[in-house]
Amino acid sequence: MVLSPADKTNVKTAWGKVGAHAGDYGAEALERMFLSFPTTKTYFPHFDLSHGSAQVKDHGKKVADALTNAVAHVDDMPNALSALSDLHAHKLRVDPVNFKLLSHCLLVTLAAHLPAEFTPAVHASLDKFLASVSTVLTSKYR
């Protein structure tokens, strides 16, 4: 999915508002995903998946850091996310549908925390951005 210049601006502005909360929002999105889509828990058998667990918080920060990297390299996401794509495709073997589920939960989390900034245009831009990230992460599955 191609991001327009307006989409890129919307994503960078919205992610800038996330700021220091990125790790917390990442963890909250993971918790939402585990509660809403319990089958996603199978990829984390070694995690304590209870609310507020240190492992979920740590992984939420990793998710947020990866998205921060993608925002910073929005014009070159395939190179910026190459190692992460390899990890998820070849080592972790995560079913690609899970990226869509996490993207949805992340959108819900952002909408809950940034209601004033989460306009229809920003929502659409973030959705396109997360779809692009998902596409990059699944590109090595082929």
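Residue 1 is the first one shown; counting continues down the chain.
Including glycine, each Cβ sits where the backbone N, Cα and C put it.
If you look up Swiss-Prot, you'll see 2-142 marked as domain 'Globin'.
Ser4 (phosphoserine) is surrounded by 10 other CB atoms, counting those within 10 A of its CB over all protein chains shown. Feature annotation from Swiss-Prot assigns phosphoserine to Ser4 (among others).
Residues annotated as phosphothreonine in Swiss-Prot: Thr9 (among others). In the three-state DSSP scheme, Thr9 (phosphothreonine) falls into the helix class. Cβ neighbours within 10 Å of Thr9 (phosphothreonine), excluding its own Cβ and spanning all shown chains: 13.
Packing around Lys12 (N6-succinyllysine) is summarised by its Cβ count: 14 other Cβ atoms lie within 10 angstroms of its Cβ, all protein chains included. The feature N6-succinyllysine is assigned by Swiss-Prot to Lys12 (among others), with similarity to another entry given as support.
Taking the Cβ of Lys17 (N6-succinyllysine) as reference, residues of its chain lying under 8 Å away and at least six apart in sequence are, in sequence order, Leu114, Glu117. What Swiss-Prot lists as N6-succinyllysine is Lys17 (among others), and the listing cites similarity to another entry.
In sequence order, Val18, Gly60, Ala64, Leu106, Thr109, Leu110, His113 are the residues of the chain that are 6 or more apart from Tyr25 (phosphotyrosine) and have a CB within less than 8 Å of its CB. Taken from Swiss-Prot, the feature phosphotyrosine covers Tyr25.
Residues annotated as phosphoserine in Swiss-Prot: Ser36 (among others). Within the same chain, residues at least six positions away from Ser36 (phosphoserine) with a Cβ under 8 Å of its Cβ are Leu101, Cys105.
Neighbours of Ser50 (phosphoserine), defined as other CB atoms within 10 A of its CB across all chains, total 10. Per Swiss-Prot, the feature phosphoserine maps to Ser50 (among others).
Positions annotated as O2 binding site by Swiss-Prot: His59. Listed in sequence order, Gly26, Ala27, Leu30, Phe44, Phe47 are the same-chain residues six or more apart from His59 (O2 binding site) with CB atoms under 8 A from its CB. Secondary structure from DSSP puts His59 (O2 binding site) in a helix.
In the three-state DSSP classification, His88 (heme b binding site) falls within a helix. Cβ neighbour count for His88 (heme b binding site): 21 (other Cβ atoms within 10 Å of its Cβ, all protein chains included). Here Swiss-Prot flags His88 as heme b binding site.
For Ser103 (among others), the entry in Swiss-Prot reads phosphoserine. If you draw a 10 Å sphere around the CB of Ser103 (phosphoserine), it holds 20 other CB atoms from the protein chains shown.
Positions annotated as phosphoserine by Swiss-Prot, on the basis of similarity to another entry: Ser125 (among others). Ser125 (phosphoserine) carries a helical DSSP state (H, G or I).
Sequence annotations record features per position, and here Swiss-Prot assigns phosphoserine to Ser132 (among others). Cβ neighbours within 10 Å of Ser132 (phosphoserine), excluding its own Cβ and spanning all shown chains: 20.
The annotation phosphothreonine is assigned in Swiss-Prot to Thr135 (among others). Thr135 (phosphothreonine) falls within a helical segment according to DSSP.
What Swiss-Prot lists as phosphothreonine is Thr138 (among others), and the listing cites similarity to another entry. The Cβ of Thr138 (phosphothreonine) lies under 8 Å from the Cβ of Ser85, His88, Ala89, Pro96, Phe99, each on the same chain and at least six residues away in sequence.
Comparing Cβ neighbour counts within 10 Å across the modified residues Ser125, Thr135, the minimum falls on Thr135. The DSSP breakdown of the domain 'Globin' (2-142), given as helix, strand and coil counts, is 113 helix, 0 strand, 28 coil.
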